[in-house]
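Participant: Before I ask anything, let me first share the structure, which is written out below as structure tokens.
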């Protein structure tokens, strides 16, 4: 299978990490891919003596594009815990799904992207650029555009491929990833960075952490939200297995991961659903906007998305002005109308909209909601970007409703969840898991390095040698005393 094509294979709820063909570069700085029955089948090995390798991922999200540069020691390319984020660059302007709509905006976006790529490439030695893998993964924004206009989404992807292929890098892949893949890659990233998959022991060997538990991942994007967490084997339903379960093999260990993506429930698209519900009841007052804030939006902005059904007598050029009232109680009630909570009543294995989900644990702090909703717009406006100002109260209610009413978090399970964007200067985001998977940095079947001896044997030997050392010192002292007297 060509590396430029989709590498992951989904079959009957299983996720298999890719195996590459037997090829090995002849140049000094080439990456060698060869199979070995004694090491990791189908994984990558480094043919050069270079100390550092690099990888680049473009996160083409719905609201913006972020470019990540990763690096890892070349001699440990197949180990974990060594891949680090060197830098990231945010491309100015909206996501790539907006390309082709505004020529001036397109020009600015392309210019910013080229500047970001120049900054990224400046961190990579020129002698290594042609072996640095380059990936692009597009998420919910492009998934929605493909649903709305497949021709437009194909053209954008083709334009991106042509641009990336012209760069002096090793372009690998540019594609729209599914919501389930996005959730799974985020789960891999979180657990990889936290060291839950593998770690170094006292002998400087890589082993699976004893007693380590994986963490679930919750991602609220602009157009979709993803949830992913591991479920114990004994709790996984039998045949027929419900949708959402994926068998993942990492370093020779199996994980049953539940992952699901809710399209149209990301922050930006969910806001449009709220606005649509207000328009349908002929209300221009928005309880989710801060007091004193007003904004005029076109009907095209609200209803020109597959997430909302167009009303009768729809006029895309119609303008609607919304005025914020900052009512936290009414805001939450309005946000809850977006979720179908009745189809899951009385069921412990259901989230919302009738979607199967096993019980999940976690916590969420909601103390700031009333404060953000009730303060006047003028108190925050001088301090915050207007682009984000109107969504503070709404976003708080969306996250709260999603966690409590949607995913089923309770006061008893709140203490296990944390809001964290970075671990050891690495972003907790799906691109790292994406790169690790497509470049096969994490082997599915790995022969873990074993301890030279069992821990109990080591402890026994340590005690024995310590006792011998003490006896030797005592014998030396006695000998000296006798010699002196």
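Backbone N, Cα and C define each Cβ position, glycine as well.
Not my notes, these are from TrEMBL:
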type	residues	note
ACT_SITE	182	active site, proton acceptor
BINDING	222, 223, 224, 225, 226	ATP binding site
TRANSMEM	457-481	transmembrane segment
Participant: Which three-state DSSP class does residue 223 (ATP binding site) fall into?
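Facilitator: Reduced to three states, the DSSP call for residue 223 (ATP binding site) is coil.
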Participant: In Å, rounded, how far does the Cα of residue 224 (ATP binding site) sit from the Cα of the residue listed as 'active site, proton acceptor'?
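Facilitator: About 10 Å separates the two Cα atoms.
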Participant: How many whole Å apart are the CA atoms of residue 226 (ATP binding site) and residue 182 (active site, proton acceptor)?
Facilitator: 7
Participant: Other than its own, how many Cβ atoms are within 10 Å of the Cβ belonging to residue 226 (ATP binding site)?
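Facilitator: For residue 226 (ATP binding site), the 10 Å Cβ neighbour count is 27.
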Participant: Please report the distance from the Cα of residue 225 (ATP binding site) to the Cα of the residue listed as 'active site, proton acceptor', rounded to the nearest angstrom.
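Facilitator: So the Cα of the residue listed as 'active site, proton acceptor' lies 10 Å away from that of residue 225 (ATP binding site).
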Participant: Other residues near the ATP site, CB within 8 A of the CB centroid of 222, 223, 224, 225, 226?
Facilitator: 62, 139, 140, 179, 219, 220, 221, 261, 262, 263, 265, 266, 267, 269
Participant: How many whole Å apart are the CA atoms of residue 223 (ATP binding site) and the residue listed as 'active site, proton acceptor'?
Facilitator: 12
Participant: If you count Cβ atoms within 10 Å of the Cβ of residue 222 (ATP binding site), leaving out that atom itself, what do you get?
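Facilitator: So the number of other Cβ atoms within 10 Å of residue 222 (ATP binding site) is 21.
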Participant: When you measure from the Cβ of the residue listed as 'active site, proton acceptor', how many other Cβ atoms are you left with inside 10 Å?
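Facilitator: Looking across every protein chain shown, the total is 29.
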Participant: Which whole-number value in Å describes the distance between the Cα atoms of residue 182 (active site, proton acceptor) and residue 222 (ATP binding site)?
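Facilitator: Rounded to the nearest whole number, the Cα-Cα distance is 13 Å.
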